[in-house]
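A.B. asks: So that we are looking at the same thing, I have put the structure below in structure tokens.
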Amino acid sequence: MTLRVLGVDPGLTRCGIGVVDIEKNRRATMVAVGVVGTSAELTLDKRLLVIAQAIDEWLDRHEPDVVAVERVFSQMNVSTVMGVAQASGVVIAAAARRGIPVALHTPSEVKAAVTGSGTANKDAVTKLVTKILRLDAPPKPADAADALALALTHAWRAGSGMGAASGNSSLTPAQKAWADAEAKARRKR
């Protein structure tokens, strides 16, 4: 059984999208990769619409079993975080409309899964994604490589077997702590 994962490195300026097929033996093959760009001159609603339309097209064309999205962190500046969060929301909603499970992975989880180090730089991630997927050339820009890395991370962390399509199966301790904290915060409201 092959698992198809659509990975998304969300962003308003550049949104990386990659589709990977992963076999039970963890062998991965790139199906497609690209970047959706939006102009800063467009209004926010128009930028999100461009991303939404592209994501809809990718989901319908590639029919993934699961969507893996980079989890937003507040370490960045506020305007960057907002843009990433808004783009993430568009992606998550598009998948939800189709009944496709969504999993969120932190940048550190992705780096660790692909390179073995949670502090690896973008060049190391790109180099290993290129090697793992047996590509002739590195995916460019880095957002494209990051999207493929997200897809690989989800498949490997969730296990490419039966429960892999579920966004909540096989959570890491950090993901479990995060999910528990979010659930606790929701109960307090």
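From the backbone N, Cα and C atoms, a Cβ is placed for every residue, glycine too.
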A.B. asks: To which of the residue ranges 22-49, 162-189 does Swiss-Prot assign the term region 'Disordered'?
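C.D. replies: Checked against Swiss-Prot: region 'Disordered' maps to 162-189.
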A.B. asks: Once near-sequence residues are set aside, which residues in the chain of D9 (active site), 6 or more away, have Cβ atoms under 8 Å from its Cβ?
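C.D. replies: Within the chain, D9 (active site) has Cβ neighbours under 8 Å at C15, G16, I17, E70, D143, A144, D146, A147, L150.
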A.B. asks: Where does D143 (active site) sit in the DSSP three-state scheme?
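C.D. replies: In three-state terms, D143 (active site) counts as helix.
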A.B. asks: For D9 (active site), which DSSP three-state class applies?
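C.D. replies: Its secondary structure by DSSP: strand.
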